[in-house]
């Protein structure tokens, strides 16, 4: 299990210790995830944010940075129903699952885990790991005319 970082400074320090150099663009990406820790972002959303600060940033830089952050277990990728990968800061909480808004990317933790009941139903199968993400629309997006309202 890799440590979960809580601050931009601790993430940048871990990247430095792993041999990655500090750049302002990399910091802008990390800041976005730290400041919005319960939200998933697409690469395009990350690009849009960073390009407001660094207009010359390229998609290659964003994809490279996202790849480094995934490799270093700073962010976690998730394939959404639209087949687009989105990313969010590694969760600092213990074992839990999420409700994920398809419109805004909000992530709401679910504390109860259904796997214990599933284990009882399939005793001849050893579960090594699992992840449960339920996709839909948060109250705010549903009220704003999103799907599922």
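For all residues, glycine too, the Cβ spot is worked out from N, Cα and C.
Just so you know, TrEMBL annotations never went through curation; they're auto-generated.
Small disclaimer: the values here were computed from a predicted structure and weren't measured.
The annotation Fe cation binding site is assigned in TrEMBL to 95, 130. Take the CB of residue 130 (Fe cation binding site) and look out to 10 A: across all protein chains shown you find 11 other CB atoms.
According to TrEMBL, the Zn(2+) binding site annotation covers 101, 104, 138, 141. With a cut-off of 8 Å between CB atoms and residues at least 6 apart in sequence, the same chain places 39, 138, 140, 141 near residue 104 (Zn(2+) binding site), listed in sequence order. Taken residue by residue with DSSP, residue 104 (Zn(2+) binding site) is part of neither helix nor strand, so it is coil.
Of the binding-site residues 101, 141, 101 has the largest number of other Cβ atoms within 10 Å of its own Cβ.
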